[in-house]
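J.: Attaching a single structure in structure tokens format; questions to follow.
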Amino acid sequence: MRLQEIQLVNFRKHKELVFAPSEAITVVYGPNGSGKTNILEAVHYCTLARGLNRSLDRECLNFDAGYFLLQGTFADDRGIELSVKVSYEKNVEKKIFINSDELKKYSQLIGRIPCVTFSPMELSLVNGSPQERRRFMDNALSQTNKSYLDDLLQYRRVLQQRNTLLGAVNEKGMDRDSLEVWTEKLTQLACSIVSERLAFIERLFVYIEPVYEQLGLGEVPGISYRSAAGRHANEIAPEELFSFMMQRFREIEHQEIFRKQSLAGPHRDDLVFRFNDTDVKKYASQGQLRTFLIAVKLALHTLVSDTTGERPLFLLDDLFSELDGTRIEKILEQLEGAGQSIITATDRKDGSGVRSVSIEDLL
């Protein structure tokens with residue numbers, strides 16, 4: 001998949017801007033605060049229906065503008081074109097169109113244009129809260145597995161309903177039979193989600209190892225899944241997972257009623273990243289964290305490509321910061337032949353297959 005052209009109107013710093021990257025590696029360079037990242041964010045909107053760093057739609061308006069408009073033209077690896085339009089008007093929900101047809105749900109865009117990102121904000125994936133790592137798994141799986149996205153959206157609805165019911169049992173003494181029904185529904189969806197996540201982590205690890213080796217990193221990487229249902233949940237056969245989780249919910253039912261929330265399930269699970277058998281977020285330096293995250297994203301890019309048969313767009317914000325020249329060259333080597341990569345940087349970068357564009361030339 002590649003971006004042929006994108007137009008920004010009243011988006012962030014840009015009243016109007018047109019950007020047409022090369023089919024390989026494009027580096028958009030310029031000083032901090034000049035609007036480079038805004039271009040990546042606009043592309044991200046057209047692929048995943050939201051901003052790069054989870055900004056609110058209204059925060060993306062250009063100064064006093066009442067609306068913004070993004071129009072992107074993409075082509076898959078077979079050359080078939082796809083147009084995406086995202087329009088937002090202040091105090092009105094944004095609208096998304098694919099080939100002029102308005103989407104009924106934003107989720108219909110997910111997976112149509114595979115996209116992998118790297119951003120300094122995403123360091124929280126490694127050293128932040130479990131929510132960041134769950135979001136990482138959900139985003140990756142939702143782009144490659146439509147049934148996972150459907151299960152995830154349904155799980156969130158059932159979870160909300162069950163939490164409401166837990167509160168009603170606590171406050172009004174409602175009968176628990178209804179709670180059992182919703183627990184079964186939640187558990188069925190939870191088992192599907194956890195099984196897919198475990199399979200995803202296993203596949204991702206296979207891709208991380210060679211990336212580490214090719215980047216010349218000395219550590220031995222590792223990744224594991226931590227279930228809120230108990231430390232042995234990962235080891236249970238898929239056909240036995242439902243019974244295990246139902247039993248777990250029965251054991252903690254009194255706590256859940258007291259706290260009015262579901263205390264087990266994939267919405268409370270976590271990932272643990274390691275190298276040399278130590279937790280990355282506890283012992284890694286800032287430079288090691290950054291390099292580890294880049295390796296994970298390079299591995300994810302290859303995984304998505306192999307899974308979908310379509311090379312995803314690669315959006316990399318401030319990629320070269322805090323990296324030495326040797327490491328930068330190795331990363332660029334990894335990106336060669338990987339499809340289209342759009343990188344932002346403060347300085348021009350030249351190399352094989354690299355086209356550098358000054359942000360000033362786009363304004």
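Quick reminder: no glycine exception, Cβ is built from N, Cα and C everywhere.
Swiss-Prot lists these features:
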BINDING   G30, P31, N32, G33, S34, G35, K36, T37  ATP binding site
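Set these features in their place in the structure for me.
T.: For K36 (ATP binding site), the number of other Cβ atoms no farther than 10 Å from its own Cβ, over all displayed protein chains, is 26.
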J.: In sequence order, which same-chain residues at least six apart have a C-beta under 8 angstroms from P31 (ATP binding site)?
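T.: When sequence neighbours closer than 6 are ignored, P31 (ATP binding site) has T346 within Cβ distance under 8 Å.
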J.: Under a three-state reduction of DSSP output, how is P31 (ATP binding site) classified: helix, strand, or coil?
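T.: DSSP call for P31 (ATP binding site): coil, neither helix nor strand.
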